[in-house]
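Asks: Starting off with a structure, shown below.
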């Protein structure tokens with residue numbers, strides 16, 4: 001029996017070997033299982049089973065076999081296979097522990113160690129690992145290692161803002177060109193990065209065109225990640241329409257890379273902002289695809305979550321917005337964006353006081369980020385109309401008090417509130433800060449350096465502000481300080497003299513002696529060149545030489561101008577020079593002394609009086625049909641026969657209105673016209 005079993009096992013091993021060489025691991029697995037039925041603790045058979053399962057993509061089952069036979073499959077025997085299964089199952093921390101616990105660090109384990117460090121975003125350690133691998137190995141995988149090395153450098157530049165060192169890699173493949181472009185994007189060199197991506201696209205097309213099996217769709221699918229990065233550069237450059245068009249083209253290709261789709265969808269959402277929210281809600285589904293969290297970096301995933309919270313706010317999903325921002329804050333307590341999103345949501349709900357309180361609490365808990373939070377608080381106070389409180393918040397930011405931008409903002413706000421004393425105090429504090437930080441200690445002695453341009457600019461602005469608001473005495477000290485720094489500054493001296501003239505005229509006279517003489521101040525200006533310049537509003541005509549005919553014409557024109565007389569005013573048509581004009585002719589008729597009012601017409605008074613349809617007493621006299629002598633009127637051509645003049649006349653009250661039937665018909669027609677529906 002033992003001989004038969006050994007023979008059967010030998011035959012099965014031959015089958016396993018043949019299937020392994022052919023790449024038929026499913027069939028090899030069946031043979032290995034038969035061997036294990038003969039000897040369940042066969043170490044080689046168990047190793048082969050694990051390899052076959054890995055080759056078939058059954059990583060979970062392979063890890064189960066390893067864990068079920070820990071006594072036989074020790075870490076020395078199966079360390080790489082175990083770590084690889086954990087890596088593929090996205091158990092990155094476990095894979096790192098398995099690698100570190102291995103007694104012998106083989107080349108395979110070192111390769112995997114580099115991949116694990118990259119996934120854990122430990123880029124410095126990863127860079128050192130790949131450098132060691134490239135230095136100590138020579139095989140056909142050298143190009144892949146260089147590509148991985150360039151990917152680490154690109155990640156450092158993008159996520160850690162580290163200036164990448166020149167690795168001296170020859171960019172012969174499109175992968176190396178792509179990684180180099182990503183590193184340039186991290187440095188903000190967008191134009192150079194776009195050129196690298198165009199080169200990567202060209203190399204990719206050349207590489208895939210050599211493969212006879214590759215279709216145009218396969219090439220476009222491979223180029224999708226390069227085009228995605230191109231669109232990102234366009235977006236950063238402000239070419240949002242071009243970027244959006246390219247993003248949508250990539251989505252139409254339906255690439256299998258869920259990470260790429262998630263990034264593109266997120267970027268489209270950032271372009272849409274608070275507009276086209278329906279499209280954004282569709283795109284956000286792509287960011288929720290399975291496996292996205294294992295394809296993107298932590299910062300990418302965080303950015304996607306921030307945008308989800310903002311989209312919830314824009315679509316008035318207050319509860320969802322609060323839930324997402326609270327989750328983000330618990331993950332990154334020191335991050336600014338979650339608390340700013342919460343404050344923005346509260347402001348949309350008109351709860352400004354609550355928003356300010358939330359920001360105040362965060363500023364107290366995280367002093368390192370207090371400056372940015374306080375700026376937001378000040379903005380909210382200004383929106384509420386509390387300018388003075390906003391100024392108090394801004395002045396509490398110690399690290400920004402002396403900055404020219406902050407000083408300018410505070411002075412403007414205090415001026416708006418007409419609080420000139422506080423505005424001057426802001427200038428004074430900023431100037432004092434520069435005076436204190438201008439001195440440096442040298443061997444125990446305080447050595448004062450020349451004033452910086454910012455310091456001098458603040459003094460000048462303070463002086464101008466004080467002069468503008470009538471604080472001459474206070475402005476004098478600032479102007480003297482400026483003049484002391486630059487005695488040749490005529491403008492400052494003129495301001496100083498002007499200020500002293502109102503306070504101390506004698507001092508103004510003394511200072512005026514320092515003004516340069518008029519000869520030294522004469523400006524060498526070419527008047528003709530200035531008048532003929534492009535921006536001149538008035539150009540004097542150049543006086544040309546007048547000779548012969550031209551001189552006569554000029555003289556003739558002068559004589560004509562002298563002879564010209566003022567035209568006489570036009571007189572009215574009925575003007576009679578013998579009759580004296582009415583002295584009151586310039587007054588309105590009602591204001592003239594002889595105006596007696598309008599005469600009321602008799603006929604006008606009779607119109608419209610009496611009952612409806614009745615006639616006045618004189619109407620019969622005016623009726624031509626009543627007079628016997630008047631002949632009957634002849635009918636108009638084409639009209640009906642005229643009524644006889646001698647026919648009995650019916651009184652108006654007993655007559656039917658002549659237009660009544662026609663009016664009724666018209667009303668019926670109108671009703672029919674306006675009626676809805678039909679038969």
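FYI, residue positions are counted from 1 along the chain as it appears here.
Cβ atoms are placed via backbone N, Cα and C, with glycine included.
Below are the features I grabbed from TrEMBL:
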type: COILED; residues: 92-147; note: coiled coil
type: COMPBIAS; residues: 561-571; note: compositional bias 'Basic residues'
type: COMPBIAS; residues: 573-594; note: compositional bias 'Basic and acidic residues'
type: COMPBIAS; residues: 625-642; note: compositional bias 'Low complexity'
type: COMPBIAS; residues: 663-679; note: compositional bias 'Basic residues'
type: DOMAIN; residues: 541-597; note: domain 'Signal recognition particle SRP72 subunit RNA-binding'
type: REGION; residues: 543-679; note: region 'Disordered'
type: REPEAT; residues: 224-257; note: repeat 'TPR'
Asks: Restricting to the repeat 'TPR' (224-257), what is the model's mean pLDDT?
Replies: 94
Asks: By a Cβ-Cβ criterion of under 8 Å, what residues six or more beyond either terminus of the repeat 'TPR' (224-257) are in contact with it?
Replies: 174, 178, 181-182, 185, 190, 193-194, 197-198, 200-201, 204, 217, 263-265, 267-268, 270-271, 286, 295
Asks: Going by DSSP, how much of the compositional bias 'Basic and acidic residues' (573-594) is helix, how much is strand and how much is coil, in residues?
Replies: 3 helix, 0 strand, 19 coil
